[in-house]
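Visitor: Dumping the structure here so I can ask a few things about it.
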């Protein structure tokens, strides 16, 4: 899969017109999946706080950035449904509906399918029962895809992603000590990878550098969780980065503040982090270039 030539990074990287988000179900507090069973005792302690954090996140996308936001209703039978990133990978006008690695999450795809159909995207469904893929394991750089091979994503899932997005090289990256690849990295701008400082994060970065024929800039932050941020390029607003709040990760925020060309928007994610949620998890970002 890594043998394809990398796509050409266009000035449209990070462009976004629409976002799909989903409301938090009350069942999230008690029934959401957790990577570590020990973390269950530190479950989302205050549902109201998690709700406020998520509402702020959605308000930034809708109000501050002016995106068209499709808000899907919560489903109490799907406690993890707020983490919409895992059920769809969208690139340009094509959407791949995934087959999440956790069987309890597979019905989350149904509401996402309806939402993406309403945007007239080209829909590809992952129907191979041997395949698993979580969107949290998919890092799109604008030139190529890196796919984490984790407990939630397997090689067959990565192969189907490569078949879906044939214009881009796809390389796989082993993920051992985290839930997803993007638990410790994300794109912080065109050609710029935000990466955590842990040994596992740095090992994954080294693998990505070896797999790619392109040299990326890197932004290393002290905290792995803070390396998950949301980059957007909004016409009239420029480079925008949603990142974790200073009260959560003050040292990592100091690193982000060195990005003088970015509009920096801190967003707290304290409660959802307790169930392995990160900033990219809670939205699917889409750039519609054709008319609906």
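Yeah, the Cβs are placed from backbone N, Cα and C, and that goes for glycine too.
Annotated active site, proton donor per TrEMBL: 180, in sequence order. According to TrEMBL, the feature active site, nucleophile maps to 281. TrEMBL lists 33, 80, 85, 86, 105, 152, 275 with the feature substrate binding site.
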Visitor: Within 10 Å of each Cβ, count the other Cβ atoms, then let me know which of the recorded positions 105, 152, 180 comes out lowest.
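Guide: If we count Cβ atoms within 10 Å for the recorded positions 105, 152, 180, the smallest count is at 105.
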Visitor: Residue 86 (substrate binding site) to residue 180 (active site, proton donor): how many Å between their Cα atoms?
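Guide: Distance between the two Cα atoms comes out at 10 Å.
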Visitor: Nearest to residue 180 (active site, proton donor) by Cα distance: which of the recorded positions 80, 105, 281 is it?
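Guide: For residue 180 (active site, proton donor), the spatially nearest of the recorded positions is 281.
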Visitor: In angstrom units, rounded to an integer, how far apart are the Cα atoms of residue 80 (substrate binding site) and residue 281 (active site, nucleophile)?
Guide: 10
Visitor: What Cα-Cα separation, expressed in whole Å, is found between residue 275 (substrate binding site) and residue 281 (active site, nucleophile)?
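Guide: Residue 275 (substrate binding site) to residue 281 (active site, nucleophile), Cα-Cα distance: 11 Å.
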Visitor: Measure the Cβ-based neighbour count of residue 85 (substrate binding site), defined as the other Cβ atoms within 10 Å of its Cβ.
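Guide: Looking across every protein chain shown, the total is 26.
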Visitor: Cα-Cα separation of residue 152 (substrate binding site) and residue 281 (active site, nucleophile), in Å?
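Guide: Cα of residue 152 (substrate binding site) to Cα of residue 281 (active site, nucleophile) measures 14 Å after rounding.
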Visitor: Quick one: pull the CA-CA distance for residue 281 (active site, nucleophile) versus residue 85 (substrate binding site), whole Å only.
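Guide: Rounded to a whole number, the Cα-Cα distance is 5 Å.
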